[in-house]
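The annotation transmembrane segment is assigned in TrEMBL to A:30-49, A:61-83, A:103-130.
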């Protein structure tokens, strides 16, 4: 008879074991706020489809203090979500070469973050121009 | 002046007497250049011959002495007491069953290594008089990083998905699979694709990324796994555009 009796350690609470796992759970957890914001936008679209009264009610709702606080929290979480997304990007892309040399991971992250920033500013500018044009 | 001492706590598991693993403390003479492996061997040689551990080369080449040190997957020969002034806690590699003390059961890992067909599968039969395969430095550079794996298992101890689903092929074996797929002499990618695509394949990975952080040889298994996801998705969507009938493929 074999005297072997391998012991399998439990996995319960695994994510509390290492700070790296805690950070992973936090950055995955920020996806919840992305989902919240998607719901908020969806509600806006539905209200818009229902006519002016519903749309005005929606606008008043999102301008209320609790919603402003919630949206500030969502914005902060989105920023962190985006940051961690670009931080892991070098691990998820095939190796990139420019002029025969491998592009460093930090460069890929920086380019991703820079691209996201430029796109955000552009989008904000376009929306701002459209809305201020519409008010005149 | 008496020599400085350091505390080393070891998670003991002796299957003939322990129902569950238990912590045991030892005091070892401290010096600045003392590795955890040296400390463990001091314990085994001078204090308690019943302590079991695997080790061999003492220079981060053989991959035998992987264990959890201060809760992190580490090679005992490459980790030093001086970095743990409060004392050090040593435990068998996480996500592997404990055979005894610091020795883990590697059988599952060995099976996974075999499953990825970690050898060159020639594109076409070649006779000896055709000579050796030639490869340019650029072609070698594509896979060289992934060839640095020493099978120490640290990436498995860093991967919660391996802990949650022990059947997952895991970061190390997938890095090795990727190493052969990237080799210009190899023609086995299609044969290995079924495993990548399978229930135990790359999509178990949730991009925690810790595997690449803990690797003592600067291999990037997380990259191999995630590029594998891309290849798997491409294989799924474009499989109808390839001629059928290749070995190991399904449509």
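The backbone N, Cα and C atoms fix where each Cβ goes, glycine too.
For the transmembrane segment (A:61-83), the residues of the chain that approach it from at least six positions outside its boundaries are 27, 30-31, 33-34, 36-37, 40, 44, 113, 116, judged by C-beta separation under 8 angstroms.
Long-range Cβ contacts of the transmembrane segment (A:30-49) within its own chain (Cβ-Cβ under 8 Å, at least 6 residues beyond either end) map to 55, 57-58, 62, 70-71, 73-74, 77-78, 80-81, 84.
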